[in-house]
Amino acid sequence: MTKLNGTGLLKGLAITFKELWKKPVTLEYPEHKEKLPPRFHGSFTLHSEKCIACGLCQQACPNKVIKVGSIKDENNKRKLASYEMEMKYCLFCGLCVEACPTNALVFNQEYELAKYRIEDIKLTLFKREEITTGEGSENA
């Protein structure tokens, strides 16, 4: 029969007391939020002044999440009319961001994207207020 002299208990308590004084690994979310790396794939930001409404981001998206609406101005150049994303289908893969030739579409640090209603998941990044041409809109 084995003799129990309490060495196992003392080893366990020593480990517990050693870990007790270390910095905790977890954060008290949502009171404290961790700093995210710069290349984090969060939500999206569209710099509408840079966007040329080429539609490359729309074509690059594997789930067809992006809808780019465009109009033609007086010089017959395409201008951005609307930019919408169905976020419920987005994989956050970044192919749309990589495809943008002018870096108009970028990721931001926002990651709290949960919504209560499914209708609120649609992300409208740009909607032109006034349409100056009478030609209407076309998809890029």
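Note that Cβ sites are derived from N, Cα and C of the backbone, with glycine treated the same way.
Values in this document were obtained by computation on a predicted structure and should not be read as measured data.
The [4Fe-4S] cluster 1 binding site annotation in Swiss-Prot covers C51, C54, C57, C100. Taken from Swiss-Prot, the feature [4Fe-4S] cluster 2 binding site applies to C61, C90, C93, C96. Sequence annotations record features per position, and here Swiss-Prot assigns domain '4Fe-4S ferredoxin-type 1' to 42-71 based on sequence analysis. According to Swiss-Prot, the feature domain '4Fe-4S ferredoxin-type 2' maps to 81-110, an assignment based on sequence analysis.
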Study note, to complete from the structure: Counting across all protein chains, other CB atoms within 10 angstroms of the CB of C51 ([4Fe-4S] cluster 1 binding site) number 22
Check your understanding: Taking just the CA atoms, what is the gap between C61 ([4Fe-4S] cluster 2 binding site) and C51 ([4Fe-4S] cluster 1 binding site) in Å?
Key -> 17
Exercise for review: Specify the nearest of the binding-site residues C51, C54, C57, C100 to C90 ([4Fe-4S] cluster 2 binding site), where nearness means the distance between Cα atoms.
Suggested key: C57
Practice item. Using a Cβ cut-off of under 8 Å, list the residues of the same chain at least 6 residues beyond the domain '4Fe-4S ferredoxin-type 2' (81-110) that approach it. Key: 36, 39-48, 50-54, 56-71, 118, 121-128, 131, 137
Practice item. Tally the residues of the domain '4Fe-4S ferredoxin-type 1' (42-71) by DSSP class, grouping H, G and I as helix, E and B as strand, and everything else as coil. Key: 5 helix, 9 strand, 16 coil
**Study point:** For the domain '4Fe-4S ferredoxin-type 1' (42-71), sequence-distant contacts whose Cβ falls under 8 Å of one of its Cβ atoms, 6 or more beyond its ends
**Key:** 36, 78-87, 89-91, 93, 95-111, 113, 123, 125-126, 128, 131, 133, 135-140
Review point. What is the one among the binding-site residues C57, C61, C100 whose Cβ has the most other Cβ atoms less than or equal to 10 Å away?
Key: C57
Point to revise | Per-residue pLDDT averaged over the domain '4Fe-4S ferredoxin-type 2' (81-110), given as an integer | key: 96
Revision key, fill the gap. Residues in the domain '4Fe-4S ferredoxin-type 2' (81-110) per DSSP class, helix first, strand next, coil last, are 8 helix, 9 strand, 13 coil
Revision key, fill the gap. Same-chain, non-site residues whose Cβ lies within 8 A of the C51, C54, C57, C100 Cβ center for [4Fe-4S] cluster 1 are I52, A53, G55, L56, Q58, V68, C96, A99, P101, T102, A104, L105
